[in-house]
Amino acid sequence: AIGLISNALLIFLSLRFSKQNLGSYKYLIMIFACYDMYLTVLHATITPRVFNFGTVFTLHSENFPDNTWMTMIYVAAFTVPFALTNINFLHRYWAVKK
């Protein structure tokens, strides 16, 4: 609930109070917030459990123990924030370079 509320607040504040000079960076912030809301709901739905075995770990869903697709979707969904972070750094680099 905290993740949904705080990200919804971030979206509201960026839409309502962001200055004009932020430009497209405002939309990048909103994409981060929307995707974080999606990950929060996905995490609550799947309820993942991680088991560590030395240097190897495994993950399975507590709510869908026989469905491997749900676990794969969950793991794949966590790669998107890394790509968004790269876009964020590129945006900042291009903005500073100007």
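Cβ atoms here come from the backbone N, Cα and C positions, even for glycine.
Note that TrEMBL annotation is computational and uncurated.
The transmembrane segment annotation in TrEMBL covers 27-51 (among others). Long-range contacts of the transmembrane segment (27-51) within the same chain, counting only residues at least 6 positions beyond its ends with a Cβ under 8 Å from a Cβ of the stretch, are 3-4, 7-8, 10-11, 14-15, 57-64, 70-71, 73-74, 77-78, 80-81, 84, 87-88, 91.
Beyond its flanks by at least six residues, the transmembrane segment (71-90) meets 28, 31-32, 35-36, 38-39, 42-43, 46, 48, 59-61, 64 of its own chain at Cβ-Cβ distances under 8 Å. Summarising the annotation, TrEMBL assigns transmembrane segment to 71-90 (among others).
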